[in-house]
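Peer 1: In case it helps, TrEMBL gives these features for our protein:
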DISULFID  Cys48-Cys57  disulfide bond
DISULFID  Cys286-Cys295  disulfide bond
DISULFID  Cys329-Cys338  disulfide bond
DOMAIN    21-58  domain 'EGF-like'
DOMAIN    69-259  domain 'Laminin G'
DOMAIN    260-296  domain 'EGF-like'
DOMAIN    298-339  domain 'EGF-like'
Amino acid sequence: VSDAENWFCECPKLYSGKLCQFTTCDKNPCGNGATCFPKSRQDAVCLCPYGRSGILCSEAINISQPSFSGTDVFGYTSFLAYSTIPNITFYYEFRLKFQLANHHSALQDNLIFFTGQKGQGLNGDDFLELGLRNGRVVYSYNLGSGTATIISKPLDLALNIHVIHLGRYLQKGWLKVDDHKNKTVTSPGRLVGLNVFSQFYLGGYREYTPELLPKGSGFKNSFQGCIFDVQVRTSVNQDFKSPGTPEGHPNSGRSVGQCKDSPCSLIKCRNGGKCIEGGSTVYCDCLTGWKGAFCTETVSVCEPEHNPPHLCKQGGTCVPLPNGYTCHCPLGTTGTYCEQG
């Protein structure tokens, strides 16, 4: 259902959430404001908010160097959101370091940071963003009269940690990556100020689908790896500071872990289940026939997850037996599977 800009989904029974994605989450087992996602009709996964970890997000974790896990199998990105950075209208400088989780997907199309909003401007929205695409660092901004973009040389993958320094004064922007030469750009049009009101997003974005991101952000996935020592200043004679109010403290986040920590080392999935982790979010992916947080519960032959599914037709009720099952047929049907009138 939509009216111009604002659309929403009218969900059928059993489903809830912005995209009707929630079923098992009506009896939400997740704690501490976690995002609940149905792994199946019976099982939920808890995507943990900033500072929390574990199957139900009940354990507190201390994060000094955040690690981001990209986009999880449910379509959510890991991210941190800081309060709006004040006074970046005419001048800003950012410094940060990052470490890649891998050299394949982590370099394809990944957002490092973003601030901006959906605007109505003729030449698009004011935004500022940094990301990785095809192994290069991409820095872009739009002051309202067109986008300026700088693309670095390919990253040297032998380096363990990469360093970025970038800035802008009025229309002129510059980017320095590792030991590459400084690159500059001038934004098109006549506008000279960056007007952004959104929070400062690090590593990813809150929204569930890329289509909901402000137009500026062309990056499909969130960052994969660690981002640390993020600092900003908004005038030449200021000291660099960490973003956030109070300084260095995010307002919110999701599935962000501590660099070098593995939540899977803390839990044991049983019966051939595989531990899946994304930042601080962790869950067991169970083999066919098993369910539950640690894959310790069997899937009954009558449950919707059972493979193969039961064959009761026309509203017949599946009833488990010691070996197999039988179908209880509603009035007007008969046969092994209630298949005859």
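Every residue gets a Cβ built from N, Cα and C, even glycine.
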Peer 1: Among Cys48, Cys57, Cys286, Cys295, Cys329, all listed as disulfide-bonded residues, which has the most CB atoms within 10 Å of its CB?
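Peer 2: Of Cys48, Cys57, Cys286, Cys295, Cys329, the one with the most crowded Cβ is Cys48.
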Peer 1: By Cβ distance under 8 Å, which residues at least 6 away from the ends of the domain 'EGF-like' (260-296) in the same chain are close to it?
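Peer 2: Cβ under 8 Å, 6 or more out: 39-40, 42-43, 45-48, 52-55, 57, 61, 65-70, 72-73, 78, 226, 254, 305-307.
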Peer 1: Between Cys286 (disulfide bond) and Cys57 (disulfide bond), how far is it from one CA atom to the other, in Å?
Peer 2: 19
Peer 1: What is the total of other Cβ atoms whose distance to the Cβ of Cys338 (disulfide bond) is within 10 Å?
Peer 2: 20
Peer 1: If you run through the domain 'EGF-like' (21-58) with DSSP, how many residues end up as helix, strand and coil?
Peer 2: 4 helix, 12 strand, 22 coil
Peer 1: Tell me which of the disulfide-bonded residues Cys48, Cys57, Cys295 ends up closest to Cys329 (disulfide bond) in space, Cα to Cα.
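Peer 2: Closest candidate to Cys329 (disulfide bond), judged by Cα separation, is Cys295.
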Peer 1: May I have the DSSP-based helix, strand and coil counts for the residues of the domain 'EGF-like' (260-296)?
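Peer 2: Here the numbers are 4 helix, 12 strand, 21 coil.
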